[in-house]
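What TrEMBL records for this protein:
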type	residues	note
DOMAIN	20-396	domain 'Acyltransferase 3'
TRANSMEM	48-71	transmembrane segment
TRANSMEM	91-110	transmembrane segment
TRANSMEM	167-185	transmembrane segment
TRANSMEM	197-219	transmembrane segment
TRANSMEM	231-252	transmembrane segment
TRANSMEM	264-282	transmembrane segment
TRANSMEM	383-402	transmembrane segment
Amino acid sequence: MGQMEPPLENKVQQDRMPHFDGARTLFAMWIVCHHMAPREPTSCLDAMLVRVDVGVEFFILLSGFLTHHLYMGQDISATCGSLFAYFVRRVFRCLLATYVGMVLCALTQWSGTITDANKFSRAMTDTDTCFFLESRLGGFDVCTLKTLSCFLLSKTWVDPTPNCPNMPSWFVVSLLPCWFLYPWMKFLPQAGSSAKHCMCLAFTLWCLAIGPQLCILFWQRSWLKWNQLIFTWFWPPALMPDFMLGCCIASIVHHNPPRAEVGWIGDIAIVVLVCACMVVPVPTTPEDWAGPDQWRPGHYVAWEQLFARLSAPFLCTFLYCTASQSGGSLTASLLSHKTLVSLGRYTLEVYLLQMPLHDFFLWTRAPGAQGLWQGLPWTPEVFWFYLLLLWVSCVMFVEFLAEPLNRKIKDRSLNWVGKSLSQLCMLEHQQL
């Protein structure tokens with residue numbers, strides 16, 4: 001077997017669902033606004049910004065959905081070459097952006113002193129990053145076991161607290177096991193002989209995802225503590241049921257492709273979810289809450305701990321009902337706008353490089369200056385400038401570095417498909 005049939009690149013183009021690219025753009029904007037948008041003045045969207053984990057849940061489900069949609073017909077575990085080709089194609093660009101983000105954050109934090117922001121509360125109440133970086137060396141000790149474990153992508157397994165140099169990198173680190181184990185887990189959604197069997201499996205996986213949180217909640221008769229929450233959300237094994245749930249939705253689409261007539265159901269699911277995110281009141285943070293003080297008030301507190309998993313059925317309904325190639329969904333039509341679809345190519349880098357750019361501005365400002373930079377307070381206007389600069393920087397990073405490298409890796413990995421380990425070693429030796 002020399003090539004995957006049909007060729008994967010052709011399958012990607014034929015089965016592309018542009019509205020998912022547009023959805024990635026809006027969900028990435030949601031996440032960046034949660035992390036970076038100023039908290040003053042208040043607005044009707046403040047409650048929605050707290051529920052950013054709905055966007056994270058969408059990306060987990062979409063990752064499983066697209067992975068299984070593309071690879072369900074490919075025997076990627078048949079040979080070592082096919083397996084290596086899948087791994088490289090799936091994780092190279094993700095790891096490249098992850099390490100670039102961690103290196104940049106480590107450098108900016110190492111070359112400045114991290115001072116407790118409570119001393120500068122007036123300067124920091126309008127930002128989501130409770131650091132104040134004075135421009136002098138020695139602020140971040142790079143030579144620690146914690147930093148080493150972050151760069152080895154192992155810290156999250158022992159301590160899931162998202163406090164590595166580039167905080168958003170926890171998402172990629174926690175999804176890596178899902179991507180690596182997928183070749184052996186793909187038989188689960190494929191084992192279903194019909195859409196009904198896949199729906200039963202999907203319900204089981206959703207119960208496995210939310211089950212640990214509910215069990216702890218009912219056992220102790222109170223909401224989860226911070227140390228309990230991190231092992232039910234940030235810990236890599238906790239995300240595997242969510243990822244496989246996305247795979248199940250792809251199997252349901254394969255067994256029973258949605259008709260255009262059901263597109264309105266996906267529209268209603270998204271409308272209900274957005275309304276819930278905006279209307280449901282945000283809980284008050286208790287005094288004994290051990291989570292990071294600098295995060296938005298109410299984040300991960302009380303019922304917010306369940307919001308992401310409770311949104312999964314609505315997101316899955318949207319994924320299924322809008323997967324029709326014949327249209328029928330107003331939401332899918334709006335999300336298929338060329339601008340949103342084009343920007344969807346860069347959402348991975350926008351998510352992973354938002355923190356380095358923000359830290360760079362903090363690093364370059366004068367000691368004691370308030371706001372994003374000296375003379376540049378963190379106002380909504382400055383935030384939109386930051387957001388524009390972030391997208392432009394990510395577009396340049398992808399177009400001139402990440403995607404050319406990714407294309408070379410993908411082209412080279414095509415020669416690995418169907419080859420045994422000995423044949424693969426011989427091939428690489430000949431090319432060298």
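Quick reminder: no glycine exception, Cβ is built from N, Cα and C everywhere.
Unlike curated records, TrEMBL annotations are generated automatically.
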Beyond the flanks of the transmembrane segment (48-71) by 6 or more, those residues with Cβ under 8 Å of it:
8, 11-12, 15, 20, 23-24, 27-28, 30-31, 33-35, 37, 86, 90, 171, 175, 178-179, 182, 186, 189, 233, 239, 242-251, 253-254, 273-274, 277-278, 282, 296-299, 304, 307-309, 311-312, 315-316, 319
Among 91-110, 167-185, 231-252, 383-402, which stretch has the highest count of C-beta pairs below 8 Å with the transmembrane segment (197-219)?
231-252
Which residues, given as numbers and ranges, are at least 6 beyond the ends of the transmembrane segment (231-252) yet have a Cβ under 8 Å from it?
53, 57, 60-69, 72, 156-157, 160-162, 170, 173-178, 181-182, 185-186, 188-190, 192, 195, 198-199, 201-202, 205-206, 208-209, 212-213, 216, 224, 300, 305, 308-309, 312, 316, 319-320
Can you name the far-off residues of the same chain, 6+ from the ends of the transmembrane segment (167-185), with a Cβ under 8 Å from a Cβ of it?
31, 35, 56, 59-60, 63-64, 67-68, 71, 76-77, 83, 86-87, 90-91, 94-95, 97-98, 101-102, 150, 153, 155-156, 160, 234-240, 243-244, 247, 351-352, 354-355
On average, what pLDDT score does this prediction assign to the domain 'Acyltransferase 3' (20-396)?
85
Folded-back contacts onto the transmembrane segment (383-402), same chain, C-beta under 8 angstroms, at least six residues removed:
29, 32, 36-38, 93, 96-97, 100, 343, 345-346, 349-350, 353-354, 357-358, 361, 372
